[in-house]
Amino acid sequence: MLELADLVFVMLGISALLSIPATILAIISRDLLRAVIFSALQSTMYTLMFFLLMAPDIVLVYVAVSIGFMSLLIILLIKKVGRYERY
Amino acid sequence: MKGTRIRDAIFIASIVFAVTILAVPTLLGALGHMPPVDVRTIAIKYLNNTYNPFNQSIWTSSPEAVAAIVWDYRGLDTLFETAVFYSAIIAALALYREILGKKDTLEGRGLSIIVQRSTAISMVGILVVGFATILHGQLTPGGGFQGGAIAAVTSVVAIVVFSRLFIDRSRLSYKHLLVIRNTALVGIALTAIIPLIFQLFSNQTTFIFQNQGKAMSGFSYPHTIADAPMGGSIWFYNLFEGLAVVSAFSLAMIIVFYSEELSRKTIEGEESGF
């Protein structure tokens, strides 16, 4: 039978596995704006994992920095260097 | 074309390898119980002493053990961590020293009025959450740095949505932010040495970074205000750290968002040395 602790473990696994395709898509995406969105999705999954690992302090700072600051800074950079990646 | 295909294959293979090597031992229980079912002895020690009104000789008067460790048990660590953070911010500001505090040449208008109005409403919410995290740092998870980072998102969003010109015209100017940041840093230092100043005017022994009274020194910060645990000096440290983080992040973002025409001036003449 599933207990509450097992449910936490299952959610941890699901969010960890969901973060992998987001990371891969962020790396291989040619559209850099889309890559930022995938990277923010990966950060959201990590936030959930930190919360499930009982580290709410880290969650509070990770949400603000990785989803707010990082995305805005990289979008600013994309505005200067162009949206599409060329080989 | 062939080169990229081989590269993609190596990339996928290495991702699969990394996931497998992490997932299989975890599933087999290499990390033990997830989440852990027992409490370690050091955790028991902290939990017993952090908020124990029946043994006030070694308590911190903060129900939040993490805040107590960060600003009381390991307070000096956090002080130097803060020093490192502000050195980084000062280094970033020093790179732009020639244009600091100048008005931007670009006259931006920001996004549409609908976005501006809805952002103005949600900005209040972000600020409230940030300052609630700062001021409740001794009761709930989070504290100065966390709340400051949340509240600083407001200034970044304001720059993007309302344009830089809006920030230049508002009271959130470079000079004011600098004053807030410096006041907050002086506040952190003062909170640490107020016990020593207290010692000058009384006959008691006190320690630097002291929070609550110990067996050999009677100095204590107020531990409760109207029945709410205040955590003594932890509340003050959280408040000043939060203000300092808000202003420092806002400063860094304001200089990063200078228009290219102006920020190009800072790298002029680099061929003849900095």
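For all residues, glycine too, the Cβ spot is worked out from N, Cα and C.
Quantities reported herein were computed from a predicted structural model and do not represent experimental measurements.
Per TrEMBL, the feature transmembrane segment maps to B:9-31, B:83-100, B:120-139, B:145-167, B:179-201, B:234-258. The domain 'Na+/H+ antiporter MnhB subunit-related protein' annotation in TrEMBL covers B:114-250.
Against the transmembrane segment (B:145-167), the recorded stretches B:9-31, B:83-100, B:179-201, B:234-258 differ in Cβ pairs under 8 Å, and the greatest number is found for B:234-258. Sorting the domain 'Na+/H+ antiporter MnhB subunit-related protein' (B:114-250) by DSSP state (H, G, I as helix; E, B as strand; all else coil) yields 93 helix, 6 strand, 38 coil.
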